[in-house]
Amino acid sequence: MSALTLTLLSAIICCSLTEKPSNVSSPNIIILLMDDMGWGDLGVFGQPSKETPNLDAMAAEGMLLPNFYTANPLCSPSRAALLTGRLPVRNGFYTTNGHARNAYTPQEIVGGISKDEILLPQMLKKKGYVSKIVGKWHLGHRPHHLPLENGFDEWFGAPNCHFGPYNSSIRPNIPVYNNSEMLGRYYEDFKIDRKTGESNLTQIYLLEGLEFIQRQTVARRPFFLYWAADATHAPVYASKRFLGKSQRGRYGDAVMELDYSIGQIMSWLKTLGIDDNTFVFFTSDNGAALISAPKEGGSNGPFLCGKETTFEGGMREPAIAWWPGHIKKGTVSFQLSNVMDLFTTSLALAGISPPDDRTLDGLDLTPVLLKQSTTLQNRPIFYYRGNELMAVRLGQYKAHYWTWSNSWEEFKKGINFCPGQEVPDVTTHDQKEHTLQPIIFHLGRDPGEKYPISVLTKEYQNVLSGISPVVEQHKKTLVPGIPQLNMCDVAVMNWAPAGCEKLGKCLKVPKSEPLKCDWPH
């Protein structure tokens, strides 16, 4: 963001606000959700290049949560979990086309977020919140699945990943929306140079976020900003100013620009005088995509494997909570927590009771965040891959009931989710069931899941006797949602999104050919 732009925006604020916005009972809420960014990509978590000064400062001014997890090792299900507070197996963001298969929302997908689900922005309306999503949606791209049909008041971004460019006679390029109508398409109107990696998208997303914050501040309305930038998802991109700046290559350039943008957002909150009335949470949707590393993928630090897997590298996420005057500076909480907690915690901060007609998987973290409660809630972390519960963490222990990295067929094609990290009998290429004798690790002593605890030890037996009833109870009470990610059809791709007529961007819709989606992983 240029100094001139900041000066102009500041001038607007100075003319609009005659006094500092008063503290209201409902704080503003900002969730900064990165895409495929790993636990080990932040300086504060030990990344040796130390290229995230703004996120490191955010941690120094707030709370670091080293035991924070996503709900699924893939983008769409984890985002559905965040916004519903429910496991993907409950909210329908999974497939039954194959056992333990990761599924998401490519252009061909027929399904999307179910109308039976209640999303966070819908709940926040009860207290007058205005909600905006900036960036990637990924919960379905058909009209009834889009953000403005599911609680958001505003949207600037895209419904799918920024894959491409495509030959539009075979496959349309992904549209970029402003609210309910497309503004153009990736690669055509919103450029991403696949050769150089240059794109101004992160800067556009930054300006959209800053302008929204400014507007709501002037109007004195509580707001929810869901800032879901996707520059660290392959193909990674950065603007010209950041390209070539990182020691880590193009992926690092993208991280540096995101870090800079987050720094601008935090500074803007302080400039507007609303930092002490704004709760900000930073995390990522899943682990770094080691399949794209090192040029276009990140780091999961000491953890095993990455995106697509239920090993620690696929599901443990960088996480920072920030709220000056409310969250004590420089604190660390080892509470086991996950992305679904953001739903319940946001409602608690807003003073809204959570829905009581459904099972919620998110906990209210306000005792940990605001009171620095040292008494940790003894809650499990469930590691799902598609329709299968692969592993469970309780305390420092993690028990694997199934292991699988990816199939031999995919592995032999060069698709490797655990490069340089093969652990015998753990990172298996066949789906291996261990239900009768789970593989158990102590994640404190062994965060990389390399040294299984011997089944002959008393420690193993004690851990198993504690985890088994938790798993049994979970399975006994689980009512799976109707799977939304089973069917695909070329006719539902982004051929003619709303607004395409005005732009002359409508493409011919092919004949409908519904079929079961193929999910190889």
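Any Cβ shown, glycine's included, is placed from N, Cα and C.
Over in TrEMBL, the protein carries these features:
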- 1-18: signal peptide (SIGNAL)
- C75: active site, nucleophile (ACT_SITE)
- C75: 3-oxoalanine (Cys) (MOD_RES)
- H138: active site (ACT_SITE)
- N200: N-linked glycosylation site (CARBOHYD)
Give me the non-local Cβ neighbours of C75 (active site, nucleophile): same chain, 6+ apart in sequence, Cβ-Cβ under 8 Å, ordered along the sequence. D35, D36, Y104, K136, H138, C161, H233, D285, N286
Neighbouring CB atoms within 10 angstroms of the CB of N200 (N-linked glycosylation site), all protein chains considered, total 17
CB neighbours of H138 (active site) within 10 A? 28
